[in-house]
Amino acid sequence: MIEPDLLTYAYPPLLVFAAALLVLVLPRALGYAAGALSLASVVAVALFAPEGAHLTTTFLGFADIQPFYVDEFTRMVGGGLAFLGTFGVIYAYSSDAPRVMAAFALAYVASALGAAFAGDWLVLVFMWEIMALTSTLLVWHHGGDAVRAGYRYAIAHGIGGSLVLFAVIAQYAVTGSFAMVTEAGETVGMADGLPLLLAVLGIGVNVAFVGFHTWLPDTYPRPHFAASVFLAAFTTKTSAYVLFRAIPDGHLYLAYMGGAMAVYGVIFALLQHDMRALLSYHIQAQLGYMVAGIGIGTAIGVAGAMGHLFNNVLYKSLLFMAVGVVIYRTGENDLYKLGGLWREMPLTAIAFAIGALSITAVPGFSGFISKGMVLDAADPGYYGGPEYQALYWLLFIGAIGTFLSFIKLGYYVFLHGPAEYTVTDATTGQTVAMLSVGGACVVLGLPAIGWPVFADLLPLVDGVTVTEMDTALNPYSAGHLTDAAILIAVSAVGFKLIRKPLSKIDYSDPALIVNPATYYVGRISMLSVTELYAAVDSAVVGFVKRCYWIGNNPAIAADEAARRLPIVDVEERQPADGGRPSRIHLRMSIGTTVLVLTIVLTVILWLLVG
């Protein structure tokens, strides 16, 4: 029985799933408008819905299932995803994206919102699986190389999703509940032992832990460039949020996994020639800051992680938008084959610059605030314990690598040499989408606007004193600005030194070179799983077909079975009336037959009784 309130009828996933259907049946412009409006309405719901459960039901005998739950975490994650989705739809419409692709994208967004607003693990795992399915369809739809990449993507997320499902089952077996939050609004987390282990491994696939990450740079550069905008925002960010729900108190090992992700991602981003591959590795690197903050588990660490998640949804998708326009106009993916495009595409260059300045955490842009909070949480000079000293330096190295990557990308695409392409700038819709998202990155980075917004919005910041918020924690304190200046200077000098040798390196699949064990084990595992699945599928289909045939032809089936028995002769006859074509004759005498049947029956009874 569902207990409705007014917001029950504004259940975010339902609104967006409905829009996905409308995209297929309405005229193109109206369908896309319905998609954008549905997501804009979700932004309003996320901002203004009161906290608590707005949809509670009993499902399959399980009580207190909460598909629609609102607190500060869901408000921020769901609102951020819906905001980006709104402009992602506008961008896709203006990028000649097919309507079917838009429908898949909206269904994908809807499932991610369902996971973000879920109030229990049962609903979450259901939406998690739909998210994996719809994102795979979004990749596959483009065809070409995206089909095989999408197949590998599906296998990886099928394994991860199965582990999350087993974790939820184990959680229920241990606790007797699917609850994600208490009545007081506190996150429960996964129970220690098997539920926690399975959850971390399963979520780790989606969050791109080092060793579990190969699907990300393999997949995201291959679909339609407008599809990459959605992929960049939803799966990994939703998964980072779910990781916090699973481990609300953090763990040292998890924090250092975040540090490893930050360094690993930027190293291989620097080695890329393909623009979207570079951005894909930076998804892993930026997720490292979120995972580190969640792993630290303190108020500042978690607040910084969630803030960085929100910011990353914006600036990472903005970067994919800008790069997508470059691909759209030039047809080129290799950054070294471009150059000087700021003269031809000034609006796209401005949008890229805003995204690059945000992801590199330059003061005045949104990433500066959230990344600074995570660094403060790890730095023993601020709020980190001595056990996080090495983690702080890993994150700092990751920040330098991020600067180097985006100096490289911006330099070779927009600044280096004369423009070799005579092209027009972004379309009107693309420009509106990019500058709207870019405007949010700027507003949320301003000292007088961004910091108060994050201070009010981010969960757990209330546990910090007003004095700390105004001095040590404030991102625009003298200490933070000095650190930022050092970071910028080191990165600029570093790029000058490595620019030429870096241009001669291109590892299209770094996993094959750096981590061959992971590469081959992953490939062999995928092949084994797919071949096993194909064999089982073939056997099941064959069995069903055979049963169907026997049901329709029992007499012929009996004759065919009799032919295979050593004690039976089948005399072929074809009656004139077209009836049964043969008659069975026993080779053995009746007495022998009775003896054989008696022995067989005795053995069967002995086995059953024994």
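In case you wondered, yes, glycine gets a Cβ from its N, Cα and C as well.
Note that the structure is a prediction, hence the values are computed from the model and not measured.
Taken from TrEMBL as is:
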- 6-26: transmembrane segment (TRANSMEM)
- 33-53: transmembrane segment (TRANSMEM)
- 100-117: transmembrane segment (TRANSMEM)
- 118-378: domain 'NADH:quinone oxidoreductase/Mrp antiporter transmembrane' (DOMAIN)
- 194-213: transmembrane segment (TRANSMEM)
- 225-247: transmembrane segment (TRANSMEM)
- 253-271: transmembrane segment (TRANSMEM)
- 283-303: transmembrane segment (TRANSMEM)
- 309-328: transmembrane segment (TRANSMEM)
- 390-411: transmembrane segment (TRANSMEM)
- 432-454: transmembrane segment (TRANSMEM)
- 478-498: transmembrane segment (TRANSMEM)
- 590-609: transmembrane segment (TRANSMEM)
Leading contact stretch, 6-26, 33-53, 100-117, 309-328, 432-454 vs the transmembrane segment (225-247) - CB distance under 8 Å: 309-328
Recorded stretch, among 100-117, 194-213, 253-271, 309-328, maximising Cβ pairs under 8 Å relative to the transmembrane segment (390-411): 253-271
Chain residues in Cβ proximity to the transmembrane segment (253-271) (below 8 Å; excluding those fewer than six residues from its ends, i.e. six or more beyond): 200, 204, 208-210, 213, 217, 247, 278-279, 281-297, 378, 388, 390-391, 394-395, 397-402, 404-405, 408, 502, 505-507, 510, 514
Same-chain residues at least 6 beyond the ends of the transmembrane segment (6-26) whose Cβ lies under 8 Å from its Cβ atoms: 32, 34-35, 37-39, 41-42, 45-46, 49, 54-55, 67-68, 78, 82, 85, 99-100, 102-104, 106-107, 109-111, 113-114, 117, 127
Beyond the flanks of the transmembrane segment (478-498) by 6 or more, those residues with Cβ under 8 Å of it: 360-363, 368, 372, 375, 396, 399-400, 403-404, 407-408, 411, 472
Long-range environment of the transmembrane segment (309-328) - Cβ separation under 8 angstroms, sequence gap at least 6: 76-77, 80-81, 83-84, 88, 91, 95, 225-226, 228-230, 232-233, 237, 240-241, 275-276, 279, 282-283, 286-287, 290, 338, 341, 345, 348-349, 351-352, 354-356, 358-359, 365-367, 369-370, 413, 425-426, 430, 433-434, 437-438, 440-441, 444
